[in-house]
């Protein structure tokens with residue numbers, strides 16, 4: 001269950017604990033996310049045996065039998081297969097409930113956390129958590145305005161959060177470690193999704209402009225090198241240091257042409273969701 005050595009982005013209930021997938025319906029998208037604290041519970045008489053401690057599931061409100069599980073930090077509901085905390089998190093940690101009902105654990109100073117479920121992959125923006133006594137029900141965290149943009153990598157297709165709100169900038173994908181040029185997504189007619197014909201000319205202006213600039217600089221340097229080679233042949237026979245100027249001109253021109261090829265072949269990343 002929850003421990004200090006567990007990855008903060010992994011769910012507290014591992015897939016190996018059961019082959020049944022969560023059946024609780026996902027929450028609707030909420031403006032404020034709730035920082036999970038263990039709810040207060042009391043030992044309630046069970047219909048089968050008296051004195052057996054139980055607790056209500058935080059997702060479906062079903063009763064969870066705590067017999068033999070009081071040493072754990074979280075317990076798994078047998079109805080919706082979601083986790084419910086029964087103890088305070090480890091020192092320096094806090095619980096966070098994703099809108100898809102996945103219970104996560106992260107550092108108490110964390111501002112963002114990603115949901116590891118393949119069908120969710122939300123980037124959760126966290127606010128400062130209010131100190132709440134254990135005898136009171138959990139309260140929602142202070143609202144924090146999300147920042148940044150979720151973009152789709154043009155190389156691997158994965159989504160990542162990019163904090164630069166301006167377009168025409170280079171974004172490095174944390175998954176494949178490749179560079180993308182971030183461009184705005186433009187809708188087609190009648191609100192349809194953009195195709196190749198609707199790619200933003202404003203967004204692609206940065207790589208095109210830099211590609212043309214490097215081509216121009218490369219050709220100028222090569223022409224200068226050719227001019228030096230033709231015009232200073234006799235002078236170079238007496239002063240061999242002239243060959244260095246030839247090599248520098250050709251080398252700079254070659255580097256500029258290589259950079260032009262890089263900017264001409266760079267791929268674009270389109271925003272998935274933008275936050276003001």
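The backbone N, Cα and C atoms fix where each Cβ goes, glycine too.
Per Swiss-Prot, compositional bias 'Basic and acidic residues' is recorded for 1-10.
What Swiss-Prot lists as compositional bias 'Polar residues' is 13-27.
According to Swiss-Prot, the feature active site maps to 106.
Residues 242, 245-246, 249-250, 252-257, 259-260, 263-264 of the same chain, all 6+ positions outside the transmembrane segment (211-231), place their C-beta atoms under 8 angstroms from a C-beta of that stretch. What Swiss-Prot lists as transmembrane segment is 211-231 (among others), and the listing cites sequence analysis.
Among the features that Swiss-Prot reports, transmembrane segment is placed at 246-266 (among others).
For residue 106 (active site), the count of additional Cβ atoms within 10 Å of its Cβ stands at 21 [all protein chains shown].
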